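Right, one structure below, let's go through it.
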């Protein structure tokens, strides 16, 4: 049996007024927030999809369908904790995470340390096991036009 598994995740949400911006479980000061059924934390969603994908367990929509009112406004860190428990129950643990958040604004670098700490606490990791990079889309496409924010994540799982 393979002792390592790798998963890839992606998420994108539209930026709108009257919502808070949450990335990696941290509220980021900005005049716009992400629209979604839950808190629309694209970074945490991409990480969850990568974790699930590594074990061929589908995606977060399967476990937390947007059609189910019980997930309305859900804190993505609560969902991440459930996905983490799902992989732990199958005998796997997270080895490391590498991720990229793509946004024209706001500048995310000042918040990356807090995001890493918040995610590490949920996943029982050291902060240095979580890489978070921030970049822009060079004003190209919907993210470049500041219509949304997206995130990519790669997760390495290790058999316990």
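Every residue gets a Cβ built from N, Cα and C, even glycine.
Around the Cβ of residue 45 (divalent metal cation binding site), 28 further Cβ atoms fall within 10 Å across all displayed protein chains. Reduced to three states, the DSSP call for residue 45 (divalent metal cation binding site) is helix. The divalent metal cation binding site annotation in Swiss-Prot covers 11, 13, 45 and rests on sequence analysis.
Feature annotation from Swiss-Prot assigns 4-CDP-2-C-methyl-D-erythritol 2-phosphate binding site to 11, 12, 13, 37, 38, 59, 60, 61, 135, 136, 137, 138, 145. All protein chains included, residue 60 (4-CDP-2-C-methyl-D-erythritol 2-phosphate binding site) registers 25 other Cβ atoms within 10 Å of its own Cβ. Taken residue by residue with DSSP, residue 60 (4-CDP-2-C-methyl-D-erythritol 2-phosphate binding site) is part of a helix.
Around the Cβ of residue 37 (site 'Transition state stabilizer'), the number of neighbouring Cβ atoms within 10 Å comes to 17. In the three-state DSSP scheme, residue 37 (site 'Transition state stabilizer') is classed as coil. Positions annotated as site 'Transition state stabilizer' by Swiss-Prot, on the basis of sequence analysis: 37 (among others).
Look at Swiss-Prot and you will find 136 (among others) tagged as site 'Transition state stabilizer', backed by sequence analysis. In the three-state DSSP scheme, residue 136 (site 'Transition state stabilizer') is classed as coil.
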Return the count of C-beta atoms lying within 10 angstroms of the C-beta of residue 11 (divalent metal cation binding site), excluding that atom itself.
24
If the divalent metal cation site is taken as the center of the Cβ atoms of 11, 13, 45, which further residues of that chain fall within 8 Å of it by their Cβ?
12, 34, 36, 40, 41, 42, 43, 44, 46, 150, 151
So which binding-site residues are near residue 45 (divalent metal cation binding site), with CA atoms within 10 Å, out of 60, 137, 145?
60
Counting other Cβ atoms within 10 Å of each Cβ, which of the binding-site residues 13, 145 scores lowest?
145
